[in-house]
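Written out below as structure tokens is the structure these notes cover.
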Ligand code: PMP
């Protein structure tokens, strides 16, 4: 097989062990003689996978017992609409923190449903930082506060969160869920597309406090209604069986690798290696995010000269580094180093960066 280093932004790298297990079990799931691709979601086997995957996530993230874990379809983009449909009700106002492209999309959807205010924004800083949470004033009448914990395109990430008291805090954690420990009890609802840190595309994980499900009006169509999905234990309709099965394997891989705390340490070492290579380059490479808001998941950077940057991309591709080009909206360079990317792969990249700088610096 060709040696490649996968720095894709999502769908993204999966651990080799997980892929080998998928391959190994594909034709015969746990001695059933059937493939996971051809069993009923009402079968005992899938019921077990569904329940076990919920349980694994609860254990790994220390999710309190008064929360539900759901596996939904439609990606995080569906959550942008579903969140306000369910909770921007009763004539109340929602409050959003605007940190970049993804929070912007969430805000645009909420505005179609109801009154939506921007509580804090880092737009004036060109989204190089995350908004300042400490400056935020919280109106107790707010329906909910929404933030994007990691902006995948800008390469920024909140290092801390605030306690919003009685006002529920919601978070899009699509690009950093399970990359570090979080205090779930601080959030009333968390959602994340799986295709970065958790598995393949096709399933979105939702972690929601049971108490707030009571607020959902009965008029919300069933398929868009969190309460219906929770009451049916995520089996309201045909779930994305294959994707949930892969999330199950991915969660076991995280557990076998020491859990979320150990994964965080590994992620920190990976990110630190790349950022320090950028910072020590004497201006050859430049980080795009403000150091205090740098993401451990998506490292965005540029090269001092546009022509040389183009050349870097060509050479990176020739050398098997995949997914190094920045998002089309941001340009420049971005490497995504989600949970499955190894330290050794990051080291191969920094070796290449140092060698490239020697030749073009
Ligand atoms: N939120 C964030 C932070 C993302 O990075 C993405 C996808 N890159 C989305 C939302 C949208 O996810 P999906 O494509 O699964 O709808």
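Here the Cβ of each residue, glycine as well, is placed from N, Cα and C on the backbone.
A TrEMBL annotation is a machine prediction, not a hand-curated record.
It should be emphasised that the depicted structure is a prediction, and the values quoted were computed from it without experimental measurement.
Together with 76, 77, 102, 152, 172, the pyridoxal 5'-phosphate site in TrEMBL holds one more listed residue from 23, 30, 54, 195, which is 195. What surrounds the pyridoxal 5'-phosphate site, by Cβ distance within 8 Å of the Cβ centroid and not counting 76, 77, 102, 152, 172, 195, is the set 10, 75, 148, 174, 175, 192, 193 from the same chain. For ligand 1, the recorded positions lying close by, meaning a CB under 6 A from one of its atoms, are 172; the full candidate list was 42, 172, 196.
For residue 42 (L-glutamate binding site), the count of additional Cβ atoms within 10 Å of its Cβ stands at 9 [all protein chains shown].
Take the Cα of residue 196 (N6-(pyridoxal phosphate)lysine) and measure to each of the binding-site residues 77, 102, 152, 172: the nearest one is 152. Around residue 195 (pyridoxal 5'-phosphate binding site), the same-chain residues six or more apart in sequence whose CB sits under 8 Å from its CB are 10, 11, 12, 201, 202, listed in sequence order. DSSP assigns residue 172 (pyridoxal 5'-phosphate binding site) to a strand in the three-state reduction.
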